[in-house]
Amino acid sequence: MRLSDLAAALQLPAPETDPQTDTEVTGVTHNAAWVQPGSAFVAIRGAKFDGHSFMEQAQAAGAVAVLGEGLADGQTSPLPYLTVPNARAALADAAAALAGHPSRELKVVGVTGTDGKTTTSWLTRHLLRSAGLATGLLSTVGYELPDGELRHFPAHFTTPEAPQVQDTLREMVAAGAQATVLEASSHALSLDRVRGVDWDVAVWTHLSSEHLDFHGTLDNYFADKRKLVERARFAVLNVDDPWTAQLRGIAPGETTYSAENQHADWRAQDIEERHSGLHFRVVSPAGDFQAELPMIGRFNVANALAGMAAAHHLGATALQLQAGLASFRGVPGRMELVPGGATSPRVIVDFAHTPPSLEKALGTLRATTAGHLWVVIGSAGGPRDPYKRAPLGEVATRLADHAILTEEDCRDTPLQDILNEMERGAREEGRSNFVSIGDRREAIRYAVTHAQPGDTVLLAGKGPEDTLERATETLPWNEVAEARAVLAER
């Protein structure tokens, strides 16, 4: 794509170019370290850095143009410069244009919410595949082409930057995908990482307090997540979430779901939690049928209803949904059972890292635990929502018999400060059934070693993440492998 064509795609005035400067643009990035020959470099003014400071570095790496919101007084660009109203929006729009708008060639389902979006994304992908649609997936765990092989992005985020999103969607199309499911975080929606994606279906799970360090207020957090519903042609809405009332009627079409409310379009009846998983009756526009889902946790009924509603909108039948649920094997790091021997406690790895999700996880495991319930839990450092640290300590000590408080990506926040806050949440309620062990590996060892057969140990917060971030280092991490190593020593 020529630079003049890119300007036209962004609805910008034609740049002053000649045959030499109207060069071919082959990619776009906002990171000068990622520039390849032929790239357009988007200079974004952020809280800490101004991308315009890296224009010469981008030029040296082979960039052919710069896009930005305007040069400062006295500043010049070493490359042709396109002035845009919003640099992040331009990054996304340019990425979509250069990739040929791949989402227009796919049926795209977006899933957002504080909790439940990863399980719902994986389940929706599985249901669509069970219905015969070659389906890709882009989620916090990684991304999949229709071949089912899980690939990972080399970063610690839920949704990659806009160029990676568009390139991945193009890769899916090239691999024969007919549909894809994309997990959309509030950061991705706020920072325009998923701008330029053509959404067929938006799935809303629920909203609770998280990432307020970034969004400032819960209302702002909601407003960013709401963007997905505003941009979709069809919405799948959870009527058990109070925020849903503000989402009704926004999308051209919608349906509702609930594990509790019998007035929802998609609803569950006669829910049973068995050793083999969940059994319930589905009442829906697709018909009424008996469902079996081999997953732990009553809350997964709502995730299943959301996935079924989305898949049905894209053509899945009741029989296909029923078969798809029965064959679903869950998500790595989401209520994942770590294999152990007959004399070992049951060890579960789960991503639960907010007070509501931790409460759900512990409540679920309590119902099927004959002995004591243990939890290993930390809270993220940096500026990331310090307000949930004390509530996490309160929930952990209220619902578990033994709580081990530890690290979880403390970054540049002193670990002891985080532990003190979590301990405060427990002590203010008069509880002392906890111990603080700063090193997460040692915390896991302590819990798994001290737990007895019949006990359950929940390793909460990390799930499938493959790094552990500390102030001065980032360690490779595998929570399941850590648990297996301790179980093997018993």
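Glycine is no exception: its Cβ is also placed from the backbone N, Cα and C atoms.
Taken from Swiss-Prot, the feature ATP binding site applies to G113, T114, D115, G116, K117, T118, T119, supported by sequence analysis. In three-state terms derived from DSSP, D115 (ATP binding site) belongs to neither a helical nor a strand segment and is classed as coil.
In sequence order, T112, G113, S186, L189, W204, L207 constitute the residues six or more apart from K225 (N6-carboxylysine) in its chain with CB-CB distances below 8 Å. Per Swiss-Prot, N6-carboxylysine is recorded for K225, and the stated evidence type is sequence analysis.
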Item checked: Three-state secondary structure, which DSSP defines for K225 (N6-carboxylysine) -> helix
Item checked: Listed binding-site residues (T114, T118, T119), ranked by Cβ neighbours within 10 Å, top entry -> T119
Checklist line | Residues within 8 Å of the G113, T114, D115, G116, K117, T118, T119 Cβ centre (excluding the ATP site residues themselves) | finding: V111, T120, T205, H206, N303, S357
Checklist line | Those residues of the chain, 6+ apart, with a Cβ under 8 Å from that of K117 (ATP binding site) | finding: V111, E183, A184, S185, V203, T205
Notebook entry, point to check: Around D115 (ATP binding site), how many other CB atoms lie within 10 A of its CB?
Noted result: 23
